[in-house]
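Straight from TrEMBL, the features:
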DOMAIN    7-142  domain 'Casparian strip membrane protein'
TRANSMEM  51-71  transmembrane segment
TRANSMEM  83-106  transmembrane segment
TRANSMEM  132-155  transmembrane segment
Amino acid sequence: MVKARGIITTLLRLLALGATLSATVVMVTSHDSADVLNLKFSAKYTNSPTFKYYVIAEAIASGYSLIVLFLSSKSLVWRLIVILDVVIAMLLTSSISAALAIAQIGKKGNSHAGWLPICGQVPKFCDHVTGALVAGFVAAIVYLVLNLYSLHAVLSPLFPVKP
């Protein structure tokens, strides 16, 4: 049973690493340009502080996932790891929420503020951002499942099942 827990945890951590790394790479490589009224318009993730925050949060989660994969499961550090998993899940959730809000404005605009949508002019950029957000959502969901699994593993000895 303990070995199965280790395998499941390792698989979840590998999946989280893949999702966060994918989100980071896809967002960093997102760029496109268009000519609007004889002016060259360039869209990059670095143009928005929110997208920068998203990339930094995903990169932190990637690094954390990679480090945790190499820690021994017998170590006393695992109690801290459970807490850090919750922190990483919150970091991912906040960065995805912020980036999704900016992406929505880029896609739909905001008629009340007079902001026009840009995805019609730079579709390649918007497609990359969408892909990065999907990968980020997968990472956040994996961390949620990892947190629930860890919580179950910690609490199951406290509530034994009577036969």
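Note that Cβ sites are derived from N, Cα and C of the backbone, with glycine treated the same way.
Because TrEMBL annotations are produced automatically, they should be read as predictions rather than curated entries.
Remember, predicted model here, so these are calculated numbers, not experimental data.
Panel annotation: around the transmembrane segment (51-71), residues 10, 13-14, 16-17, 20-21, 23-24, 27-28, 45, 77-78, 81, 84, 88, 91-92, 94-96, 98-99, 102, 129, 132, 136, 139, 143 of the same chain, lying at least six beyond its termini, place a Cβ under 8 Å from a Cβ of the stretch. Residues 20, 48, 50-51, 53-54, 56-58, 60-61, 64, 68, 115, 117-119, 126, 129-130, 132-133, 136-137, 139-140, 143-144, 146-147, 150 of the same chain lie 6 or more positions beyond the ends of the transmembrane segment (83-106) yet place their CB under 8 Å from a CB of it.
Secondary structure of the domain 'Casparian strip membrane protein' (7-142), assigned with DSSP and counted as helix (H, G, I), strand (E, B) and coil, comes to 97 helix, 14 strand, 25 coil.
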